[in-house]
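According to Swiss-Prot, the protein has these features:
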type	residues	note
BINDING	ASP12, GLU13, ASP108	divalent metal cation binding site
DOMAIN	6-209	domain 'RNase H type-2'
Amino acid sequence: MGTVNSLEAGIDEAGRGPVIGPMVIAIVGWSNSEAEGIGVKDSKQLTPSGRSRLYKLIVSKAPCVRHVIVEPSEIDYYVNRGLLNELEAIKMSELIKACSGVTRVYVDSPDPNPSRFRGFINVKDVELIVLNHADESIPLVSAASIVAKVIRDTIISRLKETYGDFGSGYPSDPRTISALRRWINNGTLPPIVRRSWRTIKRMTNSRLF
């Protein structure tokens, strides 16, 4: 994929909330009209096959597609210091700088105060448009959401080949809780677990499992 003189871009993440697995943040540099033209929509509204189809189109057509994988150990470091939003902003800043020619970036803010989150993003000469739920209204952010989700789902599938089925990885999933309980009872939490999550702290401090 080449670069052009001026690009818009969208940024979004997948996997902020799970207790298992990495978070993936992606940027797509293109145009909203072209992203909309291939039928891009919020990844949560798509089937896995629909996401896969659009992912292939985005990667083949968009001038800039980049992603970063944030491992549980790094997430834990920042969460234990109350800095998860700052961690996302650091990674987003790196992605923006990696997309040559980007002049305007739409960001899906994880912070309920988008202007506060905007202040964490360290880039120059780029117009930042930071919104809540941007993946629902901005095609480029939807495209980034699709890229992040497909990449993370692929990683999760590979992790299950190594560690067995742990469900979705979200604390609300009984299969996830069952896997966590099994690992805790065996005395070893694998490195794919986010130890900073309250779910883990409750389970390791409880005698009810």
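Including glycine, each Cβ sits where the backbone N, Cα and C put it.
Positions of Swiss-Prot features highlighted on the structure.
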{"residue": "ASP12", "record": "divalent metal cation binding site", "Cβ neighbours (10 Å)": "29"}
{"residue": "GLU13", "record": "divalent metal cation binding site", "Cβ neighbours (10 Å)": "24"}
{"residue": "ASP108", "record": "divalent metal cation binding site", "Cβ neighbours (10 Å)": "27"}
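The divalent metal cation site is set by ASP12, GLU13, ASP108; from the centre of their CB atoms, other residues of the chain with a CB within 8 Å are ILE11, ALA14, ILE25, ALA26, VAL107, PRO110, ALA134, ASP135, VAL141, ALA144, SER145, ALA148.
Per-residue confidence over the domain 'RNase H type-2' (6-209) averages 95 (mean pLDDT, predicted model).
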